[in-house]
Amino acid sequence: MLILASKSPRRREILNKLPLKYQVISSNVNEKKFSEKNPAELSKSLAIAKAIEVSSKTKDYVLAADTVVSFDGNILGKPSSLEQCRMVLQMLSANKHYVITGVALCFEGTVIDAFYETTSVYFKPLSNQIIEWYISTEEPFDKAGGYGIQGKGGVFVERIEGCFYNVMGLPLSRTSELLTHHGIMKWGN
């Protein structure tokens, strides 16, 4: 049995596309204690910490992930206020940013494998009107970078380079390769 160490409904939605059974146990890792400035290293370190924390309590394999958004070398977290959300969306307007998801697989507190995936996301120019409309939906407040590509925030996206599911929170193709490689998931009978 696989354990998904995540509270994210989007990660569950993505993992449900694969032929495997799993349970969810959320991690209690305090993300604020991590100070890495490199977005790729931060996402991978957080995924590893979450996987280790949950896997130390179970005899099952544990899969964890963490997604960060990077713009102009800065890490953009989940907006905590209307003003912060407005500022982030104005920054991303008509620009390219990166969505990086770290993924870790652990067993009994030991890291078996870990990687990160990067997707480039290009936003079209956003008017103040569309930004205010989006903020009023309350969708941006639980998402890194202040938008959800799979929801109403998808209207901002001009194009992406890389994995769509990575932007949602779990790179589907690489995750399936990881689980298959380690014998956790099998295709067919």
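One-based numbering along the chain as shown.
Including glycine, each Cβ sits where the backbone N, Cα and C put it.
Heads up, TrEMBL stuff is auto-annotated, nobody curated it.
Per TrEMBL, these features apply:
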type     : residues : note
SITE     : Arg10    : site 'Important for substrate specificity'
ACT_SITE : Asp66    : active site, proton acceptor
SITE     : Thr67    : site 'Important for substrate specificity'
SITE     : Gln150   : site 'Important for substrate specificity'
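Within the same chain, residues at least six positions away from Thr67 (site 'Important for substrate specificity') with a Cβ under 8 Å of its Cβ are Ser43, Val99, Ile100, Thr101, Gly102, Ala144, Asn166, Gly169. In the structure shown, across all protein chains, Asp66 is the one of the recorded positions Arg10, Asp66, Gln150 with the greatest number of other Cβ atoms within 10 Å. In three-state terms derived from DSSP, Gln150 (site 'Important for substrate specificity') belongs to neither a helical nor a strand segment and is classed as coil. Arg10 (site 'Important for substrate specificity') sits 12 Å from Asp66 (active site, proton acceptor), taking the Cα positions as reference. Gln150 (site 'Important for substrate specificity') sits 17 Å from Asp66 (active site, proton acceptor), taking the C-alpha atoms as the reference points.
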